[in-house]
């Protein structure tokens, strides 16, 4: 068995669910799980400084291989001493493989071959090519603590035969990526389980990847248009297929109920651009549901955004002021709203960890969803 650069330590299992409390040890520190990871696509979490992220207690952030490959270039980042030094972040970093972005840019399925994927840059339209070896090489240059294998991420609703071929290719690509990995002593590589909504294909993917002894395992191909019920069903049969002594990462999920439901099903790590993306539109997550701060009813509301929140935004500014800043397109408004949403999700995970410790996660979920409004007819995802 490989001596991996990152290690998972199980602290406690919740008595009534598949949830687990643990920690992940990396070359740049240890973070508790379950954990939500803010997304810093281009080596920055939009509008946030590294110091602010540390005060949130996020513990780990995510950056995007595809975007950093194109700009400023992975070789330049390596010249700077790696991503940690480049962006002045001394805590763990996870990089994705770029696969999800690449597949959104592929204009023809014929451009996905056994060798790799041909596509056009979103910046200047030039033709690019990415394959498992290149994706690993870029991430080796970036120097992230946790890396992702290059996978094919098909839409959820695809014919069985197409998904089967995709799963088999992803397994072959995973092995190629593992063989190309130059820095196993200080970078942990995760395999990504695919298979859309087909249980037998998820089982095949998990079996293929767990036989390769990755440092951890990601669950991909979800949060791509399927229903919440369908996502939970896939997690119900996928997470039990993964090793208990390694981290489990659900990619691209950030809605509060999805985070809790993922934890209930044994997931340790989550990421999503949701909190910062909706914040820039003035949509905020609170203990009492979503708030669209642009609404006229907040114009004369001089109360805190969320009376149950102790973040910098809620302890210093009113709803009326936030509404004014967002309506005026002021950068400070984007910063305050982004800070709050990230604080909300990071602290939701802190509360979830306590609920696991207390063996009352199902009660916590019920109380949270009732307050948030998820139990109302036509409730929104976030």
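Glycine residues also receive a Cβ, built from the backbone N, Cα and C atoms like all the rest.
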Matching residue for the Zn(2+) site, where Swiss-Prot names 309, 311, 314 - out of 228, 324, 340: 340
Substrate site partner of 96, 97, 98, 99, 100, 194, 221 (as recorded in Swiss-Prot), chosen from 145, 151, 268, 271: 151
261-265, 276-280, 281-285 - the one Swiss-Prot records as region 'RNA binding': 276-280
Segment confidence, the region 'RNA binding' (252-258), expressed as mean pLDDT: 98
Residue 271 (active site, nucleophile) and residue 309 (Zn(2+) binding site), distance between Cα atoms, whole Å: 21
Proximal residue to residue 311 (Zn(2+) binding site) among recorded positions 96, 98, 99, 100, 221 (C-alpha distance): 96
For the region 'RNA binding' (252-258), sequence-distant contacts whose Cβ falls under 8 Å of one of its Cβ atoms, 6 or more beyond its ends: 36, 100, 222-224, 228, 231, 270-275, 285, 345, 348, 365, 368-369, 372, 374, 381-382
Residue 194 (substrate binding site) versus recorded positions 96, 271, 314, 340 - nearest by Cα: 96
